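Noted in TrEMBL for the protein shown:
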ACT_SITE  CYS201  active site
ACT_SITE  HIS369  active site
ACT_SITE  ASN389  active site
DOMAIN    120-451  domain 'Calpain catalytic'
REGION    402-424  region 'Disordered'
Amino acid sequence: MSAASTKALQDVKAKAIAAEKRVSAHDGSGTQLEAAISAAELYMRALKLAASPDDRRRLDRKTKQLISRAEELKVRHDCKPTVNAEKRARIEVPYPVSQRVLTTREKIILLESSKLNGAIFKQWTAPPSQEEFELKGNDFFTDNFDFTLSEAQLKHFAGWKRPKDAFAHVRVEKNGQLLPNEATMISLGSLDMVQDVAPDCSVIASFCVGASRIERGHKRLYGQIVYPYDHNSDQPCESANGRYVLRLYFNGCWRRVDIDDRLPTSKSSRVLHVVDRSQPGLVWPAIVEKAYLKVRGGYNFPGSNSGTDLAVITGWMPQQVFLHDDDVEPRSLWDEIHPAFNDGQVMCTLGTGKLGRREQQLLGLGAEHDYAVLDMKENDDVREILIKNPWADGDVWKGATRYRPHPGHEEGAPQSPQSGGEVEKMEPGTFWMDFNLVFQYFEHMYLNWNPNLFSHREDRHFTWHLSEVMQAGHLLIDNPQFSVRTRRAGQLWILLNRHFRTGDYSVENHGSNGYISLYLFNKHGETVFSSDNARVRGPFVDSPNTLLRFHAEAKMNYSIVAVSQDLPRGKHNFTISAFSNCPVELDEASDTYGQPVSIMAAWTRSTAGGNAGSSTYLQNPQFTLQVGRESRAVIVLKSLSDTASTELNLGLHVKILILSSDGRRITKLRKRDTVSQSGDYKRGSTVVETILQRGSYTIICSTFEPGQLSKFQLDFYTTLGPAEYMIKPLLPEGSGRLSIKPAPAIFENGTTKVIAPLKVARVTRALFKAWQMKGSSSSLFKMSIEQGQGPYRNCVVTSSTDEAEYANIQSGLRIEDIDLNASLSSSQNGGLWLVLEKPQQASTESKDANVLQVEVLTEESIEVGAWAPLDD
């Protein structure tokens, strides 16, 4: 071939390539059609000039590819309404950026989070220079990252190859003919991306919704993601040395991800990476997939959800909607997402839940599988969405009236009632579903919102140590807490992002990564102790992101608390971000109280008295509190595990009661003395927040059931200075005294009164208590000490009060300290008797016997004789 012919061929090929780029550079079908025809004609001219057999084969494929593309564009141009020109030309507003200067600790957190899965992902500073992609000699870039493959992929794996060789093995047929598979970075039209032998359905679904957004006329996002990039054609371009750099958002910031262009190839007809069925040789989707999977640890990544994947790839804010939640109303959700979807401000995917094999076959839906939402339409009262199954050979929903099966599934599939032109234009594996039915067949909707919906953003990066403390759902004092406020009223969105750690979300740990949530409180930005009275409780999600949305009042400080369940032990880094359309301030919650006074105590066999309905309630541990002036106070009670000093004993339900007193032990409960309490018994821990006046108080800590033994910790928080208050445990009742328990007293066969003789040898002070061991809890009794019996008996002391002679035995009976001596119990004075008695009419209440136990707490020994019934 002469030099002149060679130059002519090169000139024509250059013009053809330029025309081919214009096919994708324009969104209007008419302009694209002209460019496709021009490119096809130029490739035909080049084909006539080519002498090399390889060149002729390559140019022939290009010519056929462009002719096919031109025919497709002509159909679209004739049948499909053109996209609104103003929408096409819309310029994307830059994402808001946090302007706050990071602390040294936050910088360290971002640096720590750059190390992931054996690689280092540096923070993004600037786009790479063109020199990084130049080929010097024959030195192609090779990434040394160890990409693991799934077991299914390993069965077909044939090695890592550069795109030219990798795509030579990709075979895709259309209308009975193989489509051109020459490796290229230039997209010639609509994308139809699918997965074959790849477990990352959520990733491919993410790609599909991103591509459909472009098809609807919105600006491409790839220009800020993939490098090298040709901004003239608005397409990723080929790297000469095989290096590609991607800008992905994870672990608190935009980060740089470097990969080479080697792709996993197959020794069978199966494909191990994402493939575009409309253009099988398109390389850049596989490049983006590889970069993302490097972040997640390799190709054996089991998949997460599309909301998380899109958040990493695009930086768009993820929101997970639980479609089976009673609070989610279909019409309200549609009215929110439909206009945003049409404006290109939200991308939407769907996830199924667990389904049995037979159920999957009957429905045509995969279990725990992510689907892409390509379009939304509303006509009158009919609301529908177009859904795509990203599996290359996956089913479509059997209930669809308009659908297009994947290739190979047409035979035996029921015919669509509306199988005209609309179905022909649908991508394979897609189907329309009534929006109301989405709530029946899918479990989750994943929404990714454009950050440029907001003009202001503020980030904070923090560490949460979960190596020791086991969290209880309602106790929040150890949780990360923040204060947020905006200058004007409006929407305020809070995004919590848990940083990826090496090994998390892997095949080995799949399903055991715990849950996170956000709670909102009207607490003026102050520390929150309990989840009670939360204004908003976000759902617990098993993904690394959760979004809390609410309407904020102007200049109102809110408290935000990060909450977890079953999060793996260890150190976790997080980023919390606030989004608003006016300046927003995100700070750590203000600490009103400072460090607490902590007291360690225990419920023992003698002090585990149970709830207030138990006759032994007042045996519970009690504490005296003295307050010098009016102040705010918080009391936290935590039952502790025997295995670790700081773990909660979640097997117990506990409660705090604060009573006005003289600071001594409470021996009788009166409602009028109650100052504050923690409400119902709560699992593992409980909290009281109150305002205390100057004075003395007694605090009672109890478990729900009597006899429940455990250590516990009582924390007292106050706004007072150390010299203005005092709190300490009170000694158990009878401390330092002898405990004497005679045989139980039994009331049966109509008995209403029993007596037992008392023998006192020395002067002593004694306290008498009685409680029921068996019988009706509503029975009435009284306890007395009498001198003598018969008509000359004298009542020395009784448990009766001015309000009532008899008391409900459920609350127990008491005779407070009384001084006794030997002369009182002498036979000359008729002896000393302990008397238990119930009303005469009570003899007919129940046939069941009442069994009462008496305990005497005395300084010196007292002899209690046998019980005997007495008939007055």
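Using the three backbone atoms N, Cα and C, a Cβ is placed for every residue, glycine included.
What you are looking at is a predicted structure, and each value in this text was computed from that prediction instead of being measured.
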Cα separation, HIS369 (active site) to CYS201 (active site) (Å, whole number): 7
Cβ contacts of HIS369 (active site) (under 8 Å, same chain, 6 or more positions away): CYS201, GLY351, THR352, ASN389, TRP391, GLY394
Across the domain 'Calpain catalytic' (120-451), average pLDDT on the 0 to 100 scale: 89
Most Cβ neighbours inside 10 Å, all chains, among the active-site residues CYS201, ASN389: ASN389
